[in-house]
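Trainee: This is the feature table in TrEMBL:
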DOMAIN    A:3-82  domain 'Cysteine-rich'
DOMAIN    A:134-218  domain 'Cysteine-rich'
């Protein structure tokens, strides 16, 4: 299948390993990945901070960039949520009905990674190998906005070598919320502290999720505490394979070094 | 009734009532977050209600259909509110009640004060009511020399403690039983000095204290959970029986009700009386449901006044996206599941309507600029939308109100805000690929501020109070892709 990668501006700029892993994983499963070069940002930050007029040009750009593709995947529940639930609304708010219906078209063909794997490609065992104790944070927009349900967990359960531990009060927000984390930094930090307490209680050495943004938040907090627990995007775990003789490969899977 | 367009409906007036706080949410929240006792009280109480409510909701096989029905009925009510209100007035009047129309808090307070004065009483007893808290009725009555006694246990705790409510359903949620015991010992006349902090003992002390009020007060003021347009019936649901006392014992009953509390027919109550207790207190059925229709000779209050309160509701109704906030049945489920509310408590919101519903209702009632920080008091996690028994899409309204705020700021100021300039520049950059790619390269320069990001200016410094900055990678994804 030919799949267009909607990389998201955050993964493109700050967390390219999650995006590279998405490419490697899909190619390993026998699919062709293309990268529409004109994509930049979906505009979610603008919409959620109260600037839909500024977001309009980004919605238009996103729709133009992805209109030619039958299947679009993003390693982010939040950005897929914005495409599905906000793009047409922003277009309609600006009185552009044509853009709204084109945005709806693109949204119908846009999937979060675990949705693409389980619902479209019909796989739960992606042949991954990852020898770590891992806990999964469902992330609010994956859980409640696009409702990926237990798909990420079904994928993780099939990963060989992986010790999956349940995260207490997993459904509670980590406190990121985009500009919320700076506008209401104190409240956000209080939420993060509780999330980290639960992550640490699992004694996992890796906290994973389907959103680089939430992981940036949780990871930034864990790093500050120097507790030695990492955040790793779901795509990176699913892309990991049994170590070969190649030392670079071993490093990536955590088979040898963490 | 002829209809004349009089311009946009007014918002709730300033200087009266309790819809506006003294400081922005982040400032007030900062103080609450530092109060360890408050955090414990709230964390414990919200977790308990959440679990209780989830358990009884799980028992209902058609819960989602009930939510849909609740939403549909309320949508219908809002679509024909003027007609239904007129129908209610006719029905209440026919049953011997008197209907008063109050455009805002000032008018409502004046109407109620005059009605109490006319009875000659200098004291009223009150059933817990959000509408009267909203308009500041107790303060208005006090100014007129009339004592208002709250009879709901939690409201009584708040009143005796000269405190403010912090939750819609359990206004003293921020207090634990040790604190309540102290308040009773300090403020309750004739209380047993050997009072312990056992819940049953505390409740018994309040009971004894209130009993005198119930038996000697001739006027009661209540709110209403529902009003049936078809029959003119008012309904109050409660748990303690204090409401039943207030609604049946006095000579005069005055009910202050927001105009959105209507349901069209008696049968519609079936839906809400299933939704409300399970979402609210986590009970299958609330212990007391009192209903009355006008006046019944020889039984209960012989004089009944219904004050219909607008106070900004028509302005909310005029907003296509925001009007669903009027569907709220004040169950407070959204407060109990909100990760922000759970940590800051209700006082941080400034308004009597705290939590997610307050963050969408208060700014609409007052005009968004009078509560401009509230739409941002949410991480948009969506837990409130899932918990709402009438399916109010709170996250979408929050986003909508944020846009209203930035638009209002734009039209009120000659220069755009720093945030607006940044946002516009970011959108422009991201809409031009070469600029976007240049910005990505520039992001690498942030390596120089270091992982802990100590040198960042506000508001970005908010990030680094508790989190390290991610280290920018040596290569962006698109650079990697281009080299493949």
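A Cβ is built for glycine as well, from the same backbone N, Cα and C atoms used for every other residue.
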Trainee: Mean pLDDT across the domain 'Cysteine-rich' (A:134-218), rounded to an integer, is what?
Mentor: 97
Trainee: Mind tallying the domain 'Cysteine-rich' (A:134-218) by DSSP state, helix then strand then coil?
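Mentor: So the counts come to 41 helix, 11 strand, 33 coil.
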Trainee: Residue counts in helix (H, G, I), strand (E, B) and coil for the domain 'Cysteine-rich' (A:3-82), per DSSP?
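Mentor: Once the DSSP states are binned, the domain 'Cysteine-rich' (A:3-82) shows 45 helix, 9 strand, 26 coil.
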